[in-house]
Amino acid sequence: MVPVGPERGANSLFSLRFTTFAVGTVSLPLFAFLFCIVWSLLFNFSETTATHCHVPNYLPSVSAAIGGETPQRYIWRLCIGLHSAPRFLVGVAYLHYYQGTPCSSPAYPRLCHLNFLLNCCEIFFLILLTYVSSSENYEVHKLGFMAFMLFSVGYMFVTCSLWRVARKGSGSLEERTSYAWKKRLFGFYLLMFLSSILVYIWHNMYCEAGVYTVFALLEYLVVLSNMGFHMTAWWDFGNKELMICSPGDKRI
């Protein structure tokens, strides 16, 4: 990556603002998620809102919406597949971004690598729960979902810790804005996730009408806050370009 500037070099073959690349990558699962929810409500309402105890429910769970019926399953898998490789590239970019930030803490370099590892694990288990739906193999899908949530929480926590340790209130306006939104979205994500667990337990214990609808809505907020957290890359890479150059140009 190089800073955005008027000169791109004679050997530059392709360039793209990294903000466009990073946010566009996250937009793929966002589109797929919204499509699956809307399509399920319009065309597969009864199939995707059914509950094990047959109480009234008005929203499909995330698993039912993305993996229960077609074409939702195909759209979700296509978008997740397309966004996966770029997500790993964004992870590498973040690793270099954090490593390039001066910090006197002896634990900082290890936190950078831990953050990258957690990010890779999050992406891997997202792929697993995507391509093994709950209707195909419930146990594997459940494992993928639980691991995805665990690594997502870990990644967000370590990311916020890196910013707190390295920045300590300093940095540009964009960096301070990014850090502020990261903290808000992580807190909201954690609150919605814990709330969804409590509501899910309540549903399984008492099977009351509408409770599973609340659970599904909380799931949606968990997913959207996760995507929002990753979209803070808009501020982190605002002055960078992704460039592909011929061998004569050493910039990448």
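Cβ coordinates come from backbone N, Cα and C, glycine included.
Residues or ranges marked as topological domain 'Cytoplasmic' in Swiss-Prot: 1-22, 99-111, 164-184, 230-252. Marked as transmembrane segment by Swiss-Prot on the basis of sequence analysis: 23-43, 78-98, 112-132, 143-163, 185-205, 209-229. According to Swiss-Prot, the topological domain 'Lumenal' annotation covers 44-77, 133-142, on the basis of sequence analysis.
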Contact ranking winner - 23-43, 112-132, 209-229 against the transmembrane segment (143-163), Cβ under 8 Å:
112-132
For a three-state summary based on DSSP, what are the helix, strand and coil counts in the topological domain 'Lumenal' (44-77)?
17 helix, 0 strand, 17 coil
For the topological domain 'Cytoplasmic' (164-184), could you work out the same-chain residues 6 or more beyond its ends whose Cβ comes under 8 Å from its Cβ atoms?
98, 101-103, 105, 107-108, 111, 156, 228-229, 232, 234-236, 238
Hey, which bits of the same chain come close to the topological domain 'Lumenal' (133-142), Cβ under 8 Å, at least six residues off its ends?
63-64, 66-68, 73
Tertiary contacts of the topological domain 'Cytoplasmic' (99-111) (same chain, 6+ residues out, Cβ under 8 Å)
158, 161-162, 165-167
On the DSSP side of things, how many residues of the topological domain 'Cytoplasmic' (164-184) fall into helix, strand and coil, could you say?
16 helix, 0 strand, 5 coil
Beyond the flanks of the topological domain 'Lumenal' (44-77) by at least 6 residues, Cβ under 8 Å:
29, 32-33, 35-37, 130-131, 133-136, 141, 145, 203, 207-213, 215-217, 219-220, 223
Over the topological domain 'Lumenal' (133-142), what does the predicted model average in pLDDT?
89
Run through the topological domain 'Cytoplasmic' (99-111) and tell me, per DSSP, how many residues are helix, strand and coil.
5 helix, 0 strand, 8 coil
